[in-house]
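According to TrEMBL, the protein has these features:
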| type | residues | note |
| --- | --- | --- |
| BINDING | 46, 73, 74, 75, 76, 84, 100, 101 | substrate binding site |
| SITE | 170 | site 'Transition state stabilizer' |
């Protein structure tokens, strides 16, 4: 489909997505004998269902799960719901890549004539979001402004308590966390879909080593290239 999904929540996880969650995400974690004490995810169905697959395969369906709207995918504004290749044909591929990959250049805001506008604004999962916090478009910068405080105030205390924490979210919200944690050159950094990555922290909450992917380097690089591409 190759869509700017953003905050759309109508679609369940695709067959391909479920296969990836089962055969890549869960299989990688199981192979490395990972276990977790608590899990965090967004309020979007596709992330919730991915987490359900992973927890089921790891026999961890009993652990607490917290759904946090601040872990939602970036809001893609007027691009929401449209095909990436189609938007590149309309606006030009360089402009779409700027909207996708720049730190602080937003797409145009979503308007009421967008077919997903009403469904997003009236989604009962978002009813607790204040009007001033409800985005009409976002950049990586503004996505980080909501994701990082959730990391600092909600997730890190669990790590400090000695718990092993699993976070299942989305490409841009996770890119924001990676930039915050290790100050990556995020313009050139693409997270591979479905491949788990690990951050280790010492007792002083200093990162030990860097980001660690649970896959061989060739597979990681191929997956990163796929994410970077506009697609056909």
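Including glycine, each Cβ sits where the backbone N, Cα and C put it.
Features as recorded by TrEMBL, highlighted on the structure.
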residue	record	Cβ within 10 Å
46	substrate binding site	22
73	substrate binding site	23
74	substrate binding site	28
75	substrate binding site	25
76	substrate binding site	27
84	substrate binding site	20
100	substrate binding site	23
101	substrate binding site	17
170	site 'Transition state stabilizer'	24
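A Cα-Cα distance of 11 Å separates residue 75 (substrate binding site) from residue 170 (site 'Transition state stabilizer'). Considering only the residues assigned to substrate binding, 46, 73, 74, 75, 76, 84, 100, 101, the longest pairwise Cα distance works out to 22 Å.
Put simply, of the binding-site residues 74, 100, 101, the one whose Cα is nearest the Cα of residue 170 (site 'Transition state stabilizer') is 74.
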